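What Swiss-Prot records for this protein:
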ACT_SITE  LYS278  active site, proton acceptor
BINDING   GLY41, ALA42, GLY43, ALA44, TRP45, GLY46, LYS189, ALA228, ARG340, GLN368  NAD(+) binding site
BINDING   LYS189, ARG340, ASN341  substrate binding site
Amino acid sequence: MMDHLVETNSVPSRLVEERLDEIRRVMGKADDDPLRIVGVGAGAWGSVFIAMLQENYGKFRGKVSVRIWRRGGRAIDKATAEHLFEVINSREELLRRLIRRCAYLKYVEARLGDRVLYADEILKDGFCLNMIETPLCPLKVVTNLQEAVWDADIVINGLPSTETFQVFNEISKYWKERVNAPVIISLAKGVEAEFEPHPRIVTPTQMIHRATGIPLENILYLGGPNIASEVYNKEYANARICGSEKWRKPLGKFLRQSHFIVWDNSDLITHEVMGGLKNVYAIGAGMVATLTKESATSKSVYFAHCTSEMIFITHLLAKEPEKLAGPLLADTYVTLLKGRNAWYGQKLAKGELSLEMGDSIKGKGMIQGVSAVKAFFELLNQSSLSLQHPEEGKPVTPAELCPILKMLYRILITREFSCEAILEALRDETMNDPRELIEIAHSHLFFQPWLLGQKP
C-alpha cells in the first residue's frame, strides 16, 4: 500500500488559514459556524495533540474552537505540586505567562500546602498531569462531557483502550439528535479481547463504532513513532492517519505541521493492532534493557524475536497486513526504546515499581501494555484456535508459538515468574529462528478472520 506524503514546508499564517478553510469546506461549515475540535481524554499524547492544534489554529477564533475534556476532581498531591512549582520557576517565559494570567499565586499556595490543585485546573494553564516537565500552551478545558462533545465536528480520542468504550457509550447519549455524524480520530494504542459468542480482538475504533453507531468511515486511527513531549518540543516527527479515503486525505493535510509529517494509509486494522502489540513487547524490552545493563546484543536479540511474533499475530488477523517496515517499524522501535511501557518494564526490573501498584502510574498514566498482554495471550491461547503445527504435526494454539508473549503473560498477569524470567525465555536453546515464525505467518495457515469480526 502506498503512503501519500503531505507537504512539509514551514507554513506561513496565510497558508495555515487556507488549510483551515479547506477542512471547513470539506465538513460543510457555514461562514458563521466555527469548526469545533474536541479532545476526549487528557493523557500525554492526547493533551499534546490538542495543544498542537490550538497553537496552529487557535488564533482563527471565528473559524475554529479547540477544547479538551478530562474528568474533574482529580487532586494533585503535595509532592507533585512542589515539582510543578520548580518547573514553573525554572522557566522565565512560563513564569511571566502565569503572572499575566493571574495564575501564579495558586501554585505558590499549593507549594506551601495552603491549597489543593486539580488536574483540570492546571491543564487550563498548560500542565498535563502525566507530563509536568513539558508545559503546553493554555487550553480550554471542559469537565462536563455533554458540554464538551454534543456539538463537536472532530473528536480526538485520547483515552486508553480500557476506557474508550465506556466513555463513548456515554457520549452516544448526547449525539442521538445529531443530523451529521462527527469525524473521530483515535490515538488509542491498545486492544481488548472478548470471548463470546466467539474469541475476537476489539480495537478502539471498533469500540467507538459499537458504542456510538458512528459509521466506520468516520472513525480513523492516527499513530506513529512519536514521544509526546518530543513532538511538542518540535522534534521532527511523522505519523500515519488510517481509515477511509474520504476523511484521511483532507485530515492528513489539516493535521500536518512543519515538524509533524502526516501520511495517509488505508490499512487501519494493522496499524491499530500494531499500536497495541508494540506496547506489549515494549514492557519486555524495558526489562531486558535493565537486566542486561543495556546490552545492545541482548536488546537486538529480543527485537528480532518480538517483531517476528508481531508479524505472526498480525497475519492471524489480516490476510495481507501492512508490512512491519517504514513508519510501522519505526513506531515499534521508538516505543521499545523510550515509551512509557518500556519505562514501566525498566522500573519493574529494577524493583522500583511492583505489580501490586497496578497499571495506572502517577505521573505516567495508564500502562496500556499490561491489559494488551492479557488480551492478546488469552485470545490466542483459546483451544478453539488450535491448528496443526506445520513441522511438528501436533495441535498448537497460536499463543504457544509466541514464547515472548507467553512469558510476559506469566510475569505480568499470572505472576508465576519474576522479571528475570524474560531472559530465560530469550535464551531458551529450543527457541526457533524468528524467520521460521515469519514463514508460518506468510503461509496464512493460521489466518482466522473472525478474530476481528470478519467473515471467513
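Along the chain as shown, the residues are counted starting at 1.
Glycine residues also receive a Cβ, built from the backbone N, Cα and C atoms like all the rest.
Shown here: features listed in Swiss-Prot, placed on the structure.
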residue	record	Cβ contacts under 8 Å, 6 or more apart
GLY41	NAD(+) binding site	TRP69, ARG70, ASN157, GLY158, LEU159, PRO160, GLU163, VAL167
GLY43	NAD(+) binding site	CYS128, ASN130, GLY158, LEU159, PRO160, GLY365, MET366
TRP45	NAD(+) binding site	GLY158, LEU187, ASN226, ALA228
LYS189	NAD(+) binding site	SER161, GLY223, GLY275, GLY276, LYS278, ASN279, GLN368
ARG340	NAD(+) binding site	ALA44, LYS364, GLY365, ILE367
ASN341	substrate binding site	ASN279, VAL280, ALA282, ILE283, GLY286, THR335, ILE367, GLN368, GLY369
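Across LYS189, ARG340, ASN341, which the record gives as binding substrate, the greatest C-alpha separation is 12 Å. Classification of TRP45 (NAD(+) binding site) by DSSP places it within a helix. In the three-state DSSP classification, ARG340 (NAD(+) binding site) falls within a helix. Residue annotation for NAD(+) gives GLY41, ALA42, GLY43, ALA44, TRP45, GLY46, LYS189, ALA228, ARG340, GLN368. The furthest Cα pair among them is separated by 17 Å. Other residues of the same chain near the NAD(+) site, with their Cβ within 8 Å of the Cβ centroid of GLY41, ALA42, GLY43, ALA44, TRP45, GLY46, LYS189, ALA228, ARG340, GLN368, are SER47, ASN130, GLY158, PRO160, LEU187, GLY365, MET366. Within 8 Å of the centroid defined by the CB atoms of LYS189, ARG340, ASN341, the record's substrate site, lie the Cβ atoms of LYS278, ASN279, ALA282, THR335, GLY339, ALA342, TYR344, ILE367, GLN368, GLY369, excluding the listed residues themselves.
DSSP classifies LYS189 (NAD(+) binding site) as coil under the three-state reduction. In this structure, LYS278 (active site, proton acceptor) is part of a helix by DSSP.
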